[in-house]
Amino acid sequence: MKAWGTVVVTLATLMVVTVDAKIYERCELAARLERAGLNGYKGYGVGDWLCMAHYESGFDTAFVDHNPDGSSEYGIFQLNSAWWCDNGITPTKNLCHMDCHDLLNRHILDDIRCAKQIVSSQNGLSAWTSWRLHCSGHDLSEWLKGCDMHVKIDPKIHP
């Protein structure tokens, strides 16, 4: 009986989250990331963040992916439940001190705060496999084409 209660609460939470979710348009997300201070943060430009978010979630704040190890990835940046947030299921370090379900809505400042913490580590954006595979070392100017902003990048990261 307790298991059914957990299922009902989880489904109700997911339904509420879905109502408040958002799939961002590229330039809309670029402006949001710039306002949040990610343009040039730790040497990465908004193009880096857009590229990574595109390959992680398709700019979908409600995207959840499940891993073979039992952990899950949440939100626009696909933050992992074993390390960065608590989903109530996976044993976690919860290094961003947050509930994973808080990453599934249109309000992405908490996602950005956690992503800033991750990128501040020695791995930088390399912590995301998608950034290493699809974004690192590539011309990212296409990600900002048609958006009203200027690229700030660190030449040490993007030679």
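Here the Cβ of each residue, glycine as well, is placed from N, Cα and C on the backbone.
Residues within less than 8 Å, Cβ to Cβ, of E56 (active site) and separated from it by at least 6 positions along the same chain comprise F63, E73, I76, F77, Q78, W128, S130. Here Swiss-Prot flags E56 as active site.
Neighbours of C147 (disulfide bond), defined as other CB atoms within 10 A of its CB across all chains, total 18. Positions annotated as disulfide bond by Swiss-Prot: C27-C147 (among others).
Marked as disulfide bond by Swiss-Prot on the basis of sequence analysis: C51-C135 (among others). Classification of C135 (disulfide bond) by DSSP places it in coil, neither helical nor stranded. Every protein chain shown contributes to the tally, and the Cβ of C135 (disulfide bond) ends up with 22 other Cβ atoms within 10 Å.
Annotation source Swiss-Prot lists disulfide bond at C85-C100 (among others). Secondary structure at C85 (disulfide bond), taken from DSSP and collapsed to helix, strand or coil, is coil. For C85 (disulfide bond), the Cβ neighbour count at a 10 Å cut-off comes to 28, with all displayed protein chains included.
The feature disulfide bond is assigned by Swiss-Prot to C96-C114 (among others), with sequence analysis given as support. Under the three-state DSSP scheme, C96 (disulfide bond) falls in the coil class. For C96 (disulfide bond), the Cβ neighbour count at a 10 Å cut-off comes to 23, with all displayed protein chains included.
According to Swiss-Prot, the domain 'C-type lysozyme' annotation covers 22-150.
The signal peptide annotation in Swiss-Prot covers 1-21 and is backed by sequence analysis.
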Residue pair C27 (disulfide bond), C135 (disulfide bond) - Cα distance, angstrom, rounded: 17
Segment-level pLDDT (mean, integer) for the domain 'C-type lysozyme' (22-150): 97
Close in space, distant in sequence - C114 (disulfide bond), Cβ under 8 Å, 6 or more apart: F77, L79, W84, C85, C96, M98, L103
